[in-house]
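For B:34-257, the entry in TrEMBL reads domain 'Orotidine 5'-phosphate decarboxylase'. Taken from TrEMBL, the feature substrate binding site applies to B:Asp40, B:Lys63, B:Ser154, B:Gln222, B:Gly242, B:Arg243. Positions annotated as active site, for OMPdecase activity by TrEMBL: B:Asp94, B:Lys96, B:Asp99.
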2 protein chains.
Amino acid sequence: MSSPHLCSYADRADKHKNPAARALLQLMVKKKTNLSVSVDVTRKNDFLAIIDAVGPYVCLIKKTHIDVLEDYDQTVVEELQALSKKHEFLIFEDRKFADIGNTVALQYSGGIYKIANWAHITNAHAVPGPSIVTGLASVGLPLERGLILLAEMSSKGALTTGTYTEEAVRMARARRDFVIGFIAQHRMEGIGARETDDLTDEDFLILSPGVGLDAKGDAMGQQYRTPAVVVTECGCDVIIVGRGIFGTGRDIDVKEVQKQAQRYQTAGWEAYESRLSK
Amino acid sequence: MSSPHLCSYADRADKHKNPAARALLQLMVKKKTNLSVSVDVTRKNDFLAIIDAVGPYVCLIKKTHIDVLEDYDQTVVEELQALSKKHEFLIFEDRKFADIGNTVALQYSGGIYKIANWAHITNAHAVPGPSIVTGLASVGLPLERGLILLAEMSSKGALTTGTYTEEAVRMARARRDFVIGFIAQHRMEGIGARETDDLTDEDFLILSPGVGLDAKGDAMGQQYRTPAVVVTECGCDVIIVGRGIFGTGRDIDVKEVQKQAQRYQTAGWEAYESRLSK
């Protein structure tokens with residue numbers, strides 16, 4: 001087989017066995033977008049206004065942990081779900097689970113957020129070892145959810161390198177029913193593979209943060225790359241963009257935010273088409 | 001200098017420059033306890049009942065992320081703070097921050113939990129690189145808080161090994177004003193040290209989970225060791241115990257929970273005294 005990123009999103013949707021991955025790929029084809037907007041703001045009104053503005057242009061809304069919302073209440077989730085239906089995008093709670101199996105199962109299913117009830121996709125660090133996937137899968141699989149593992153991080157000095165990344169991919173490979181891909185900066189198929197591994201139809205979605213058309217980096221070590229680099233050259237599937245689209249996020253200018261979202265949508269999709277035509 | 005774990009907690013309190021570390025060491029001496037109870041329950045009433053029961057026997061109450069409480073409200077934090085004063089223990093929010101600097105600064109200071117306002121100590125994974133410490137320190141240092149890094153995890157197949165652990169210790173060493181120690185299973189002084197590093201008065205508190213007097217492990221990969229192994233042999237400073245003390249945690253038998261807490265307090269303290277007399 002050819003590497004999955006050289007197949008169309010549509011073909012990959014047909015083959016994928018995880019319902020959340022399939023739904024995401026189908027949305028991407030239907031809306032012609034591989035853009036995910038990362039909505040890292042602290043006020044509920046800003047949060048919902050940004051999502052309503054960018055909704056038509058995205059396949060996925062990523063929230064960098066809902067616990068940064070100062071005025072969170074149950075209506076946030078209800079309104080987020082309504083927007084998800086209105087604009088047809090999936091919800092990705094960027095929880096970055098990072099604890100042992102028993103604990104993450106509680107954090108995922110319970111508490112006041114009950115993330116598993118409304119987030120189609122969530123993510124986790126590989127650092128605690130396989131029990132984190134087992135714990136999350138016990139909650140998420142019956143709800144047809146998908147999990148993303150952090151195989152790489154784009155911040156300076158991140159420890160997600162070498163054997164760390166290999167072990168993360170091995171953990172994913174062992175649970176392909178639930179782990180649908182990675183937060184990473186390039187393809188992960190075959191990484192850390194052993195001779196006895198069955199790699200048939202291995203298709204991990206690569207979601208890549210740190211994407212920007214303008215900015216070069218911030219004061220706290222975040223680094224940026226363009227959609228062409230991320231999608232065409234590195235083969236990533238979903239570009240994650242934040243402040244490049246909505247600026248400070250406070251009292252947004254809807255038209256301007258939509259203009260930026262459309263700009264990233266176009267750049268991301270052209271990069272994908274360019275990859276397919278290679 | 002001798003290794004810090006061969007000095008008394010009292011001597012170490014006198015020398016430590018971080019206010020949270022100093023306060024913790026002073027409490028340990030005053031109450032003759034190196035026991036931290038990890039209160040991983042999902043109902044507020046159970047949470048507060050356990051803490052009130054074990055309060056006299058502990059130096060530190062560790063909450064495995066407050067977001068597992070189903071009926072969390074603002075009174076939880078108020079009552080937790082009142083118990084902290086009544087029984088004289090510090091509060092350790094086991095948040096396991098694991099994101100880039102800008103994000104963790106928001107998660108630590110804001111949202112509905114405002115962890116920095118009430119948790120004397122919190123913790124973070126080293127995986128995002130040094131920006132996570134920078135981000136948390138920008139919030140925590142002005143409030144005289146301390147940070148624990150996860151240098152090791154006790155779950156099976158954890159990726160906190162080799163260079164990962166070395167890099168985590170280097171990150172801590174670079175910010176000894178704020179990083180006061182590690183979640184780990186043995187001493188970390190000198191690990192990953194470069195020739196040019198100033199190791200004078202390096203004193204990291206080692207908080208060790210996975211401690212049990214009875215149980216051997218659970219179904220999701222958690223492993224247990226005794227206080228004698230953890231404190232005397234491996235030189236750890238604080239033992240972290242959970243269900244070994246409060247069982248399921250539902251509608252606790254206060255006397256039984258206190259008996260178990262006292263049993264762990266005694267075992268932990270004897271292990272410490274035995275270490276000093278070596």
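Note: Cβ is positioned from N, Cα and C throughout, glycine not excepted.
Since the structure is predicted, the reported quantities are computational estimates derived from the model, not experimental observations.
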Site with most surrounding Cβ atoms, counting all protein chains shown within 10 Å, from the recorded positions B:Asp40, B:Asp94, B:Asp99: B:Asp99
Between B:Gly242 (substrate binding site) and B:Asp94 (active site, for OMPdecase activity), the C-alpha gap once rounded to whole angstrom: 13
Nearest recorded site to B:Arg243 (substrate binding site) by CA-CA distance, among active-site residues B:Asp94, B:Lys96, B:Asp99: B:Asp94
Secondary-structure category, per DSSP, in which B:Arg243 (substrate binding site) falls: helix
Average pLDDT across the domain 'Orotidine 5'-phosphate decarboxylase' (B:34-257), rounded to a whole number: 92
Other CB atoms within 10 A, centred on B:Lys96 (active site, for OMPdecase activity): 25
Short-range recorded positions relative to chain A, from B:Asp40, B:Lys63, B:Lys96, B:Asp99, B:Arg243, with Cβ separation under 8 Å: B:Asp40, B:Lys96, B:Asp99
Fewest Cβ neighbours within 10 Å, where candidates are the binding-site residues B:Lys63, B:Arg243: B:Arg243
C-alpha spacing of B:Lys63 (substrate binding site) relative to B:Asp94 (active site, for OMPdecase activity), in angstrom: 6
B:Lys96 (active site, for OMPdecase activity) versus B:Asp40 (substrate binding site) - Cα distance in angstrom: 14
B:Ser154 (substrate binding site) versus B:Asp99 (active site, for OMPdecase activity) - Cα distance in angstrom: 21
Secondary structure at B:Ser154 (substrate binding site), reduced by DSSP to three states: coil
B:Lys96 (active site, for OMPdecase activity) and B:Ser154 (substrate binding site), Cα-Cα, nearest whole angstrom: 14
Cβ-Cβ neighbours of B:Ser154 (substrate binding site) (radius 10 Å): 23
